[in-house]
């Protein structure tokens, strides 16, 4: 395959679509991803047209996926839709019914192996939902799914009398002195507790491990984070790079 061939990577999420153009070569993992965002697949026509291959991941988003399939067929550009697998890229999935593991989690687990400084690591994705996935060696051991910061806050406001909040997104954890702050800080504390519990599980298995944090909510815990925390904004796209060589 020519080193000049282009591939378009797509992470089709709930809020927006992340895209990155890469040159297909063995050195692609060493190069930084230049990521752009849009909210509709239809806006990607020119990027697709300029590519020799499209590699995409989507959790749900059926209409967007159908449109992507149609565009790629029209422009005669091969499309690979990543799926969770029982075993791939030397990683074994913990789920018996592996197809029910979100492909975003699967790709993040695969990508994190290239980042982690240790054999054991956990991937924390902070978003609408917070997820945790634990890996030792080439084995995904499973994980957790919990409400994310905004979901917790909205649920408190909706289901609890005389509790209210604002749209502030705290980047430090302090004690609230009014209800608004108590709600925001309490939800932030819950996120921190989620990560703390994940670390406890890691310590039960390995003395040395890495915590890799991704997702839009990572700003909540970046300040004063321990040295063994590694932050990455685009783990799903990084995981999609593996599909360029299958």
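Any Cβ shown, glycine's included, is placed from N, Cα and C.
Taken from Swiss-Prot, the feature active site, proton acceptor applies to 104. Its Cβ placed at the centre, residue 104 (active site, proton acceptor) has 24 other Cβ atoms within 10 Å.
Sequence-distant neighbours of residue 128 (ATP binding site) (same chain, 6+ residues apart, CB-CB distance under 8 A): 14, 148, 150, 151. Residues or ranges marked as ATP binding site in Swiss-Prot: 11, 12, 13, 14, 15, 16, 17, 18, 128.
The substrate binding site annotation in Swiss-Prot covers 95, 102, 103, 104, 105, 179, and the record cites sequence analysis as its basis. DSSP assigns residue 104 (active site, proton acceptor) to a helix.
Around residue 125 (K(+) binding site), taking its Cβ as the centre, 26 other Cβ atoms fall within 10 Å, counting all chains. In the three-state DSSP scheme, residue 125 (K(+) binding site) falls into the strand class. Residues or ranges marked as K(+) binding site in Swiss-Prot: 125.
Here residue 104 (active site, proton acceptor) is positioned 13 angstrom away from residue 17 (ATP binding site), judged by their C-alpha atoms. For the recorded site, residue 15 (ATP binding site), the DSSP three-state label reads coil. Measuring Cα to Cα from residue 104 (active site, proton acceptor), the binding-site residues that fall within 10 Å are 13, out of 13, 15, 95, 179. Reported as a whole number, the C-alpha separation between residue 103 (substrate binding site) and residue 11 (ATP binding site) equals 10 Å.
Listed binding-site residues near residue 105 (substrate binding site): 125 (candidates 13, 15, 125; Cα-Cα distance within 10 Å).
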